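Working notes, beginning with the structure itself.
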Amino acid sequence: MMKVLVVVALLVTLISYSSSEGIDDLEADELLSLMANEQTRKECIPKHHECTSNKHGCCRGNFFKYKCQCTTVVTQDGEQTERCFCGTPPHHKAAELVVGFGKKFFG
């Protein structure tokens, strides 16, 4: 009976040690992932800034990610160029307005 208790205690110790190592590895992976997300967040393009060269790099707003909105600009020479900026599309503005009113009325 004593041998069984010793073996069970040994198994419990080994399992807890191996699971704690796994948890440490998982925490390290999560930390690296969070650091990568923070780096990506720092590299995103803020609202009203130019996104002509990186049309998918706009930052997130309060509720939605900003969209790269482009227009054609004609220079004084008559040359047409495309200029883009990060902004909130009209349907996202409407949704944010509705959510804002909902928060005011319902707390």
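For all residues, glycine too, the Cβ spot is worked out from N, Cα and C.
In sequence order, GLY57, CYS58, CYS59, ARG60 make up the list of same-chain residues 6 or more apart from CYS44 (disulfide bond) whose Cβ falls under 8 Å from its Cβ. According to Swiss-Prot, the feature disulfide bond maps to CYS44-CYS59 (among others), an assignment based on similarity to another entry.
As annotated by Swiss-Prot, disulfide bond applies to CYS51-CYS68 (among others), with the evidence given as similarity to another entry. Cβ neighbour count for CYS68 (disulfide bond): 17 (other Cβ atoms within 10 Å of its Cβ, all protein chains included).
Summarising the environment of CYS58 (disulfide bond), the number of other Cβ atoms within 10 Å of its Cβ, over all protein chains shown, is 23. Taken from Swiss-Prot, the feature disulfide bond covers CYS58-CYS86 (among others), and the record attributes it to similarity to another entry.
Swiss-Prot lists CYS70-CYS84 (among others) with the feature disulfide bond, giving similarity to another entry as the kind of evidence. Non-local contacts of CYS70 (disulfide bond) by the CB criterion (under 8 A, 6+ apart in sequence, same chain) comprise THR52, LYS55, GLU82, ARG83, CYS84.
According to Swiss-Prot, the feature signal peptide maps to 1-20.
Spacing of CYS68 (disulfide bond) relative to CYS86 (disulfide bond) is 4 Å (Cα to Cα, whole number). Other C-beta atoms found within 10 angstroms of the C-beta of CYS59 (disulfide bond) number 17, with every protein chain shown included.
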